[in-house]
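Here is what Swiss-Prot says about this protein:
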- 7-126: domain 'Longin' (DOMAIN)
- 140-200: domain 'v-SNARE coiled-coil homology' (DOMAIN)
- Cys196: S-palmitoyl cysteine (LIPID)
- Cys197: cysteine methyl ester (MOD_RES)
- Cys197: S-farnesyl cysteine (LIPID)
Amino acid sequence: MKIYSIAILRNSGNKALELCSAKDLSQFGFFERNGVSQFMTFFGETVAGRTGAGQRQSIEEGNYVGHVYSRSEGLCGVLITDKEYPVRPAYTLLNKVLDEYLVAHPPAEWRDIAQTSDQLKLRELEMYLAKYQDPSQADSIMRVQQELDETKIVLHKTIESVLQRGEKLDNLVDKSESLSASSRMFYKQAKKTNSCCLIM
């Protein structure tokens, strides 16, 4: 999973204008980087200009996906990722970046400008590009799911380690005093049913 670019654009008026961006071009060859960067800017300006206020859309192109979020204030965020990057964290990140940009730079600063300047940059954009390469950083639900998956892995390893010490689950079931006779019978019947489908 990879984020290649985060861009903030003004999409009110005749043509969209990139106000600031952060790009990670490390996976591209040295001589390709300038062209790739220009294409990302072109892509961002094109899709921002064609996305209505309040709309979100994801555009797939080859191995890349452009996630676009256009706000009613005339501001638009474009996140270019690979196909594996999840959609929900992408839009969570775009929403966060656009909120912070509007706090740092009210619309009066950028609404009527002809070209961008360094004063319109968002200093945290490079940090976000690095931090949110891991989508669980952007999405707390995804982070909780990842923690649950890790806990499940630990539980599986614990059960496997008990069984690897020479104990068999059948013996444990037979010795268990906490299982009723019907539970033991159910376990044995389920084991027989499942074993009939195995190819030896």
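Backbone N, Cα and C define each Cβ position, glycine as well.
Since this is a predicted model, take the numbers as computed values, not measurements.
As a summary of secondary structure, the domain 'Longin' (7-126) carries 44 helix, 32 strand, 44 coil according to DSSP. In the predicted model, residues of the domain 'Longin' (7-126) average a pLDDT of 89.
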